[in-house]
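A.B. asks: The following feature annotations were taken from TrEMBL:
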TRANSMEM  35-58  transmembrane segment
TRANSMEM  70-88  transmembrane segment
TRANSMEM  100-120  transmembrane segment
TRANSMEM  147-168  transmembrane segment
TRANSMEM  231-250  transmembrane segment
TRANSMEM  257-280  transmembrane segment
TRANSMEM  307-328  transmembrane segment
TRANSMEM  392-414  transmembrane segment
TRANSMEM  420-440  transmembrane segment
TRANSMEM  452-471  transmembrane segment
TRANSMEM  491-511  transmembrane segment
Amino acid sequence: MNSYVWLLTPDIPPFNRKYKDQKQPFYGIDDRMPLLLIVLLGLQHALAMIVVSPPLLIAGASGANMDEETISYLVSVALILSGIFTFFQILRLQIFNTGFWFGTGMITVVGEAFAVVPIAQAYFVNQYKAGHCITSTNGTKQPCPEAYGRILGTVAVVMLLQVAISFIKPRILMKYFPKLITGMVMVCIGSGLTANGIKSWAGGSGPCMSRPASGLFSMCPNTQAPKPHPWGSPVFVGLGFSVYATILLVELVGSPLVRNCSIAIGLTVGAVVAAATGYIDNSPIKNAPGSTVPWVKTFPLGFDGSLVLPLVACCITTSIGCLGDIVATAEVSGIAIDGEEENENLDSRVQGGLTADSVWSILSALATSTPMVCFAQNNGVIVLTGCASRRAGYACSFFLLLAGIASKFGAAIVALPPSVIGGMTTFLFTSIAVSGIRILSVVPWTRRNRFIATAALALGLGDLMVPNWAAFVMPVAGSAHVQALYDGIGLIFQTGYCIVAFVGCILNALLPEQKGSMGRSLPVVEKEEEEKTD
């Protein structure tokens, strides 16, 4: 335990001098370790993974516009399922009488997928516009649980494709869905979600954004909220900045262990500031039950053909993203990945992880939550602590499960002002875009790759800048089945990363690899020397 004291030491003189060259022991995936260390590092992994943004965005004002009680329930369910699914990912079981596996057998933590958020939000916009979700005469959107149920039902069906994809060899997947496409998709997902974060930071993403002169939404989030203000008020910006500034401060002076939960700390500080200044209504927290479990609330499952094509793009991109996350987890966990035997071991872990992710996505939809996938945030915790032991992962799953069952925790998240949530989500979503940039940085920038990136991003970035540019492109069909196809294509045009995924994959398959000097990516130094010679 003494070797880990430095992890809690602030990174400021004179505290950090003693541990400047500190080296901690490394615990492999099956190594035993002290119980107290298991609990502490398990809690650390859980804090790094308590991300509840998807249910807030999908069920909130920018999505199905559900009531606070329902949103609180969805937050709790997301955490409960995250804890259960994480446990089985780490456990790793062999599928009976086959050479296939279920789970990675590493600290692979599962959380609610961000990739489905833009699709769901665009779908709800269309549902309200078409009148399938009710909008009152004064322009107020009514809750639309039926549309949410159609999303869940369609997810459960389409994610069967992801089950099939999980049994394809990883090297084949990477050939047809290379890092170039994965990186661009993550940039678009992160950029699109960051826009939602900024809207919330300024006061909310609902009708109050238009700052009407009168009515319920003349103030944000509405006139009945504690201390409402017009959208964009300096007060809201300041509340969000308390979260943002705390995250920066923790990174600057925080101890190594504390830095990995900077998002959670920032959100906590923002909550304290909001509570102290009277911007939190405590009644939802007081009225919340002491505990909750899945299916306390249910939604009518349905199927919508317009969601199929966008969700196909979603399941492909999440599969490729999870593939890279699992490989990265294996590397930081000390698992050998070079050599024929090692590659087979890695391939089995990737296959097990992707299969488990696809099954989780189906089961989570049936348990009233959107798809669950593995995340890479915890790789930083493994690197920092030198602990890849699955025992810490089991403790992490327990803490996630506990946070979900304690329903007042979910109610407390929902009770926070949108500006506090926005200060946190803006930072978090931007980190997704930065992860995409990191992936693109290792891509060989040949002429072929530059062309594919330009062609795909021309439409993807255009969609992000002008979201409604293609709203009137698709015609109105006489047949319901044809109209569903048109709606699906239109939904792709409204979701930037889906356009990037489809265009990028098609061009990657059609354009041949170039040979010779014109196809190579020259280092910057070589380019500069050529310019000097000219």
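Yeah, the Cβs are placed from backbone N, Cα and C, and that goes for glycine too.
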A.B. asks: Taking residues 6+ outside the transmembrane segment (420-440), which of them lie with a CB under 8 Å of any CB in it?
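C.D. replies: Same-chain contacts beyond the ends: 51, 53, 56, 114, 179-180, 182-191, 193-194, 196-202, 239-244, 247, 263, 266-267, 270-271, 273-274, 279, 324, 376, 413, 453.
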A.B. asks: With Cβ-Cβ distances below 8 Å as the criterion, list the same-chain residues six or more beyond the ends of the transmembrane segment (257-280) that contact it, or say none.
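C.D. replies: Same-chain residues near the transmembrane segment (257-280) but 6 or more away: 7-8, 44, 47-48, 50-51, 226-227, 239-240, 242-244, 246-247, 250-251, 380-381, 384-385, 412, 415-417, 420-421, 423-424, 427-428.
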A.B. asks: Could you tell me whether the transmembrane segment (392-414) and the transmembrane segment (70-88) are in contact, taking contact to mean 3+ Cβ pairs under 8 Å with a sequence separation of 6 or more?
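C.D. replies: Per Cβ check, the transmembrane segment (70-88) touches the transmembrane segment (392-414).
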A.B. asks: If contact means at least 3 Cβ pairs within less than 8 Å, sequence distance 6 or more, would you call the transmembrane segment (491-511) and the transmembrane segment (147-168) in contact?
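C.D. replies: Answer no: the transmembrane segment (491-511) and the transmembrane segment (147-168) share fewer than 3 Cβ pairs below 8 Å.
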A.B. asks: Same chain, outside the transmembrane segment (147-168) by at least 6, Cβ under 8 Å from its Cβ: which residues?
C.D. replies: 58-59, 63-64, 66, 100, 116, 120, 123-124, 127, 132-133, 299-304, 307-308, 311-312, 315-316, 318-319, 351, 354-355, 357-359, 361-362, 365-366, 368, 370-371
A.B. asks: Sequence-remote contacts (6 or more beyond its ends) of the transmembrane segment (392-414), Cβ cut-off under 8 Å?
C.D. replies: 27, 33, 37-39, 41-43, 45-46, 49-50, 52, 56, 68, 71-84, 86-87, 90, 106-109, 271, 284-285, 287-293, 378, 421
A.B. asks: So which residues does the transmembrane segment (35-58) touch in its own chain, when a touch means Cβ under 8 Å and the partner is 6 or more beyond its ends?
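C.D. replies: Answer is 1, 4, 64, 71, 74-75, 77-79, 82, 107, 109, 111-114, 116-117, 120-121, 148, 151, 193, 196, 257, 260-261, 263-264, 369-370, 375, 377-378, 380-381, 385, 387, 389, 391-396, 398-400, 403, 410, 413-414, 421, 425, 428-429.
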A.B. asks: Quick test of the contact rule: Cβ under 8 Å, at least six residues beyond the ends. What residues does that give for the transmembrane segment (307-328)?
C.D. replies: 104, 106, 108, 113, 115-116, 119, 122-123, 150-151, 154-155, 158-159, 161-162, 165-166, 170, 173-174, 177, 179, 181-182, 185-186, 337, 346, 349-350, 353-354, 357-358, 361, 371, 373-376, 379, 439, 488-489, 491-492, 495, 497-498, 501-502, 505
